[in-house]
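First the structure, in the form of structure tokens, and then the observations on it.
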Amino acid sequence: MALAFPKVVYGLIAFAIFWVLAVFPAVPFLPVGRTAGSLLGAMLMVLFQVITPDEAYATIDLPILGLLFGTMIVSVYLERADMFKYIGKLLAWKSRGAKDLLCRICIISAVSSALFTNDTSCVVLTEFILKIARQHNLPPTPFLLALASSANIGSSATPIGNPQNLVIAVQSKISFGNFLIGILPAMVAGVVANATILLIMYWKLLDGINERKSDFIIRWKRVLWKSCVYIITLGMLVALLLGLNMSWTAITAALALIVLDFKDARPCLEKVSYSLLIFFCGMFITVDGLNKTGIPSSLWDLMEPYSHVDRASGVAVLAIVILVLSNLASNVPTGKWMWGFFIM
């Protein structure tokens with residue numbers, strides 16, 4: 001694709017502003033945050049005529065936004081049904097020491113992130129890990145690092161684990177089951193490797209720390225309601241595995257939980273991260289504007305001869321490129337770009 005000036009210059013300026021505000025949301029000269037930065041980048045793409053207003057609206061991926069919205073609602077009701085409290089209690093149940101606890105955190109955070117998104121798992125489980133660390137006089141750092149790293153590894157296993165997976169799964173129409181089967185072995189290997197590395201790093205720090213028995217007391221409230229929440233969530237996962245439309249499946253589960261709750265849904269709806277949904281809208285427009293400048297496709301033309309997946313060297317080059325782009329430009333736009341390149 002030929003590069004068109006001055007569209008290239010304007011597109012780079014708009015994307016650079018988006019990138020700076022997305023990566024460094026508290027920049028001194030414009031501390032407006034990631035969401036506003038995303039909208040600013042999108043607006044500049046339109047004002048600079050890199051992309052037309054109609055093209056900007058068309059590039060917003062409603063299935064991805066619907067799936068995000070639905071899974072957020074389901075996560076809110078799961079939290080209200082104490083699902084994450086029970087998961088947290090598994091961390092300390094019959095614990096055999098600090099090293100055993102670290103391994104449990106790696107496994108539980110990976111599994112919960114794959115099913116309920118990594119953001120939700122990290123936000124909720126951090127509280128329990130800090131509580132357990134205080135109760136047992138443990139250093140929290142190794143366990144928090146285990147949570148953060150394993151949550152990212154585990155979230156890679158399903159389309160609903162993180163936003164970039166949503167982009168790839170929805171646009172490529174890869175079914176939930178095929179996505180899970182394809183990534184699960186790598187996810188398991190990653191969790192094992194991560195736990196091993198953390199144990200090696202903190203072996204001396206964790207060695208000799210005696211655990212006392214957990215004093216968590218399980219309190220069952222509204223057992224029937226909670227059971228229904230879990231059943232609906234399980235039904236959503238089964239429907240996803242059967243290949244039903246992921247976006248409408250998540251929204252249907254969310255609405256079923258709202259109806260089941262039989263009360264004003266405003267408090268739960270207020271917990272939805274609308275700023276994240278708006279950020280995605282701006283990001284879709286900004287990334288599509290940058291694509292229209294021809295820069296990504298030109299870079300791909302240069303890299304493509306060295307990144308054939310039928311060769312070990314090509315896989316290594318591709319992995320390095322994705323790793324660098326994910327850290328420089330964020331993993332969500334990177335996933336969107338790479339999928340676009342693969343279907344070219």
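Using the three backbone atoms N, Cα and C, a Cβ is placed for every residue, glycine included.
TrEMBL does not curate its annotations; it predicts them automatically.
Features of the protein shown, as given by TrEMBL:
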{"type": "TRANSMEM", "residues": "12-30", "note": "transmembrane segment"}
{"type": "DOMAIN", "residues": "26-334", "note": "domain 'Citrate transporter-like'"}
{"type": "TRANSMEM", "residues": "57-78", "note": "transmembrane segment"}
{"type": "TRANSMEM", "residues": "179-203", "note": "transmembrane segment"}
{"type": "TRANSMEM", "residues": "223-240", "note": "transmembrane segment"}
{"type": "TRANSMEM", "residues": "274-291", "note": "transmembrane segment"}
{"type": "TRANSMEM", "residues": "311-329", "note": "transmembrane segment"}
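The stretch in 12-30, 223-240, 274-291, 311-329 that contributes the largest number of Cβ pairs under 8 Å to the transmembrane segment (57-78) is 274-291. Away from its own ends, the transmembrane segment (12-30) comes close to residues 36-38, 40-42, 44-45, 48, 50, 279, 282-283, 286-287, 289-290, 293, 295, 329-330 of its chain (Cβ-Cβ under 8 Å, at least six residues beyond either end). Per-residue pLDDT, averaged over the domain 'Citrate transporter-like' (26-334), rounds to 81.
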